[in-house]
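Contents: one structure, followed by commentary.
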Ligand code: PBG
């Protein structure tokens with residue numbers, strides 16, 4: 001039977017919007033706590049928690065405080081957290097050797113978390129920027145160019161160290177070519193067959209990472225250099241599809257688009273073309289923008305938080321890494 005389009009006044013779109021109950025019934029996308037991943041900044045030793053000026057409400061915490069926070073996150077029902085280490089100058093070098101130290105900060109934090117909260121998913125970042133003196137995600141030559149294959153070798157060692165410590169998910173955020181395949185091969189060989197790989201597949205060279213670089217302290221190391229030779233040009237979309245296809249072929253279980261809000265067309269396209277678990281990183285700059293406006297009284301913090309996350313999900317994201325994860329989970333619990 002052919003569908004005959006009906007017209008006003010038979011059609012009044014506002015009828016379904018009239019009551020809360022019918023708005024609820026027709027709602028296509030609802031954010032739940034199952035959609036949330038909380039990125040956290042970890043300090044070594046017993047350093048006291050530190051505020052991050054450009055990320056109000058977010059702190060760098062030591063492992064003991066991390067465990068305390070994790071207990072709260074588990075209580076809220078947050079499925080997973082993503083760890084980002086704050087590495088002091090003494091841990092940084094040209095060859096990023098600290099990145100694969102089995103007694104390093106990340107493996108230590110992972111072991112502590114997994115022994116206390118085995119049900120909480122732990123995601124680790126595979127990239128060298130916290131560990132290099134120059135702040136690049138990989139090893140560089142004398143011209144400052146990030147070397148692909150030499151970097152991949154180190155990334156594989158780093159990823160294996162994380163898996164050995166008990167990380168459930170390793171997440172390469174470095175954008176080197178071929179790293180997913182090499183890492184997957186190494187994990188299989190070492191019998192870490194259930195370690196999941198979340199590939200930062202479509203990671204753009206974005207100015208929205210600024211507050212994150214403040215948080216992990218890599219901004220000063222990076223100085224005036226940029227990441228254009230490995231992260232993607234914001235003007236591109238086909239290239240993102242190719243990156244995703246390659247990462248999937250190499251053995252990624254999940255793919256990611258990053259940042260979120262200015263890149264939701266990429267998310268929709270990725271979901272339509274690949275139908276695989278697709279994640280979005282609502283990055284530090286997005287968080288900072290929302291918080292800055294909220295602090296000025298220009299935006300309603302809770303409302304824009306929930307709207308931004310719901311819209312990321314509507315675009316096709318299965319899960320969202322967001323600094324709002326805890327606040328959103330608290331809000332969802334109350335309502
Ligand atoms: C580094 C990394 C970055 C982020 C996650 N992992 C920054 C960068 O690539 O310079 C950014 C996250 C955020 O801005 O919240 N490999």
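For all residues, glycine too, the Cβ spot is worked out from N, Cα and C.
What TrEMBL annotates here:
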- 203: active site, schiff-base intermediate with substrate (ACT_SITE)
- 258: active site, schiff-base intermediate with substrate (ACT_SITE)
- 243: Mg(2+) binding site (BINDING)
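Neighbour counts were taken as the number of other C-beta atoms within 10 angstroms of each residue's C-beta; across the active-site residues 203, 258, the minimum falls on 258. The distance from the Cα of the residue listed as 'Mg(2+) binding site' to the Cα of residue 203 (active site, schiff-base intermediate with substrate) comes to 9 Å. Here residue 258 (active site, schiff-base intermediate with substrate) is positioned 5 angstrom away from residue 203 (active site, schiff-base intermediate with substrate), judged by their C-alpha atoms.
Residue 243 (Mg(2+) binding site) counts 22 other C-beta atoms within 10 Å of its own C-beta, drawing on all protein chains shown.
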